[in-house]
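K.L.:
First, the structure itself, so that you have it in front of you.
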Amino acid sequence: ISVLCDAEVAVIIFSPKGKLYEYATDSRMDKILERYERYSYAEKALISAESGIQGNWCHEYRKLKAKVETIQKCQKHLMGEDLDSLNLKELQQLEQQLESSLKHIRSRKSHLMMESISELQRKEKNLQEENKVLQKELVERQKVLSQQVPWDQTQTQTQPQTSSSSSSFMMRDAQLPPPNIGAYPVVAGERGDVAAAAGGQAQLRIGGLPPWMLSHLNA
């Protein structure tokens, strides 16, 4: 074994008569026994530690299991279930616990409601401020529009008066007779000469017209 496994081997044999026989490899017997005892002690310590850990795990498991069962039982009692196993004192304690829980619940509910009301009031205040700003802008725009409307009406009324005055002035000018520059009174003896002169002037004017207009005049 020592040659095949390259290990240190020690053998101790007692004969039926109690005689001791021993064999050791290159190392001495005491060193081999010391190493054997050391490794055996370490293995025992490891085994005991593992067994202790397993024992602790079992203990913790039992504790946690009992705790879970107690919590489930209390939960059922709070839900109003499995109350037959409770005596009067336990029922009174359960009632006090429920009342205390209700107080905490109502207090928390009131706190949340107050926070909600405060938030709504803050939003309302912001909306009122925005409404005031919008109303102010609306009033300013109405003022500007009210100032522009009379000016437009004044311009509209002024333009018809100007046009009517100019048209009436033109009508009066049209009704007036044409001015006779250098005119003199015509006597009875000179009327024929005037008429003849007028006819000659008309003929001169007609003579300057184009042929197509003369044909229309003769017709």
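A Cβ is built for glycine as well, from the same backbone N, Cα and C atoms used for every other residue.
Okay, so TrEMBL annotates it like this:
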type	residues	note
DOMAIN	1-27	domain 'MADS-box'
DOMAIN	54-144	domain 'K-box'
COILED	88-144	coiled coil
COMPBIAS	147-168	compositional bias 'Low complexity'
REGION	147-177	region 'Disordered'
K.L.:
Per DSSP, what is the residue count of the domain 'MADS-box' (1-27) in each of helix, strand and coil?
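P.N.:
Tallied per class, the domain 'MADS-box' (1-27) gives 4 helix, 10 strand, 13 coil.
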K.L.:
Take the domain 'MADS-box' (1-27) and find every residue of the same chain, 6 or more past its ends, with a Cβ under 8 Å from one of its Cβ atoms.
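P.N.:
Cβ under 8 Å, 6 or more out: 33, 35-36.
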K.L.:
Compute the average pLDDT of the predicted model within the domain 'K-box' (54-144).
P.N.:
90
K.L.:
In the domain 'K-box' (54-144), how many residues does DSSP put in helix, strand and coil?
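P.N.:
The composition, in the requested order, is 82 helix, 0 strand, 9 coil.
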